[in-house]
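In TrEMBL this protein carries:
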type	residues	note
DOMAIN	1-83	domain 'GST N-terminal'
DOMAIN	88-211	domain 'GST C-terminal'
Amino acid sequence: MKLYQNEISSATSRVRIALALKGLSAEALPVTILGEDSESRQAGYRSINPQGLVPALLTDSGVLLTQSLAIVEYLNELQPEPPLLPDTAEDRALTRSIALAITAEIHALLPPRIGLHLRAAFQADTDAVTAWDRHWVGEGMAAVETMIAGRRQGAFAVGNRPSIADIFLFPQSIGARRLGFDLTRWPNIAEIVARQEAIPAFRDNAPAPRR
Ligand SMILES: N[C@@H](CCC(=O)N[C@@H](CS)C(=O)NCC(=O)O)C(=O)O
């Protein structure tokens, strides 16, 4: 397998964590994602992934998979152990709800292309873009904290082993911390992230800081 990726990318981090938990590997194909001239915005990469986003996984049979949630679910089917979804249908739905609350409602408002557009169309400066990011992360993570607290029964986001919910929660929490949030304002998230940080598959695959 080959993984189009970027070290700072939260969405890439999800896939790298899943690969590590599964004991799978993929050749890394770096794609730049920052700035107007990034590879992610150019025709070459758009001809591979029309959305111009990382991650994208090229399977061993040559199929390009995009969207981290779909990729992580694919890896979970490719290598069933350890399972990344809980045992009951309700808990599996809850797991996907948390993952989607993060990817669709928080992360979707934050990637480089959003900041570029806020600057170009609305004259936002760096402080304004940071305020934008902090607003959506603060509101979104508070909701995720409540979602997790409402049904938490174990050590991780859903149950007693890391699931897809954890794989999405971890990079977003690292990003929140880098935006200046003290995770203890979300006690369940803080406790779960501390536990995740003790696991090499999570810790070693956190998104790198933007330089
Ligand atoms: N929903 C997508 C999000 C992918 C995404 O936004 N990736 C970012 C990096 S974290 C990216 O490639 N951004 C390029 C850009 O914004 O121009 C997924 O989960 O894979």
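Cβ from N, Cα, C; glycine included.
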Please spell out the DSSP helix, strand and coil residue counts for the domain 'GST C-terminal' (88-211). 88 helix, 0 strand, 36 coil
Taking DSSP helix as H, G and I and strand as E and B, the domain 'GST N-terminal' (1-83) has 31 helix, 14 strand, 38 coil
Restricting to the domain 'GST N-terminal' (1-83), what is the model's mean pLDDT? 98
